[in-house]
Amino acid sequence: ECFYAVFEEEIHQVILENQLFKPGERIAIGASGGKDSTVLAYVLSELNRRHNYGLDLFLLSVDEGITGYRDDSLETVKRNELQYGLPLKIVSYKDLYGWTMDEIVKMIGLKNNCTFCGVFRRQALDRGAALLKVDKVATGHNADDIAETVLLNILRGDIASFNSEFINIRFSLLLMLGCQNLNKFSTYAYFKKLDYFSTECIYSPNAYRGFAREFIKDLERIRPRAILDIIKSGEDFRISTTTKMPEQGTCERCGYISSQKWCKACVLLEGLNRGLPKLGIGRNQGLNSDGKKDRKRDSRTPSIESKQCGSLEF
């Protein structure tokens, strides 16, 4: 009981000190059915009632179309809807893009499938939030997730994403500041007997993020503060004023945020619809580079997987 009280009070204090919410705001909670998002949904709903935040809370889920994984986890989210009394909105890849992840994997294979899923899921969350007309989206990212993102951006040498990631994740970090690692989430969820889904995605065994996760865990065994140190390094990262950064605009095709003529999702979709699924993979994004096809890739060019688990040419 003491742990529950401290866990919840830490989050409440972070919300107050950083003025994360205003009375009357509509907040969407990204709900996958997993441990982290379930804890987030439960705690936010409890604190909203206990401290009278005056928030309208919603559950927002993305159905990627992965048989034997997402269909099962969405059943958990549907139970959470009833358990916590929060309205649920589900947006699907099939409705938004005309493709399910099962269909994409059949075409692209297992090597670059996470690139599609990562790009589509982020946009799907934004589109779901627009449908709900919410003011903010809260996601169940914990310190481990954020440290992995910092490391992945360093490995990719992606300065633009590195800078913007902290704009995107700062809200999540502040909200879960007291929950410094996965152990607190796990302990809280387990002893509270929360209803959550714990199976990993069937398409993610070789995801590059997984290798970063293992590396960080090795560092943590040597230095327990390694995760927080990595996050601090990311927050202190500064970009030279002489570095040319991409200018944010909108996609000419769908109107979504993009620094290119077409957003990444539209480029990937164009490749799928034309039977050229690798069209949007890598830095040479075909339609954004020459308006036609990708330039031929140099077979000697090494590549690594991106934060969405796909490949990026170097």
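For all residues, glycine too, the Cβ spot is worked out from N, Cα and C.
Automatic prediction, not curation, is the source of TrEMBL annotations.
Summarising the annotation, TrEMBL assigns domain 'tRNA(Ile)-lysidine/2-thiocytidine synthase N-terminal' to 27-159.
Packing around Ser32 (ATP binding site) is summarised by its Cβ count: 23 other Cβ atoms lie within 10 angstroms of its Cβ, all protein chains included. Among the features that TrEMBL reports, ATP binding site is placed at Gly30, Ala31, Ser32, Asp36, Val62, Gly140, Asp145.
As annotated by TrEMBL, domain 'Cytoplasmic tRNA 2-thiolation protein 1 C-terminal' applies to 249-279.
What TrEMBL lists as region 'Disordered' is 283-314.
According to TrEMBL, the feature compositional bias 'Basic and acidic residues' maps to 290-300.
Positions annotated as compositional bias 'Polar residues' by TrEMBL: 301-314.
Taking each of the binding-site residues Ala31, Val62 in turn and counting other Cβ atoms within 10 Å of its Cβ gives the largest count for Ala31.
Within 10 Å of the Cβ of Asp145 (ATP binding site) there are 20 other Cβ atoms, across all protein chains.
Listed in sequence order, the residues of the same chain lying 6 or more apart from Asp36 (ATP binding site) and placing their CB within less than 8 Å of its CB are Gly140, His141, Asn142, Asp145, Phe185. Mean pLDDT for the domain 'tRNA(Ile)-lysidine/2-thiocytidine synthase N-terminal' (27-159) in the predicted structure: 91. The Cβ of Gly30 (ATP binding site) has Ser37, Leu60, Ser61, Leu125, Val137, Ala138, Thr139, Gly140 as same-chain neighbours under 8 Å, each 6 or more residues away in sequence. Remark: secondary structure over the domain 'tRNA(Ile)-lysidine/2-thiocytidine synthase N-terminal' (27-159) totals 79 helix, 20 strand, 34 coil, with classes taken from DSSP.
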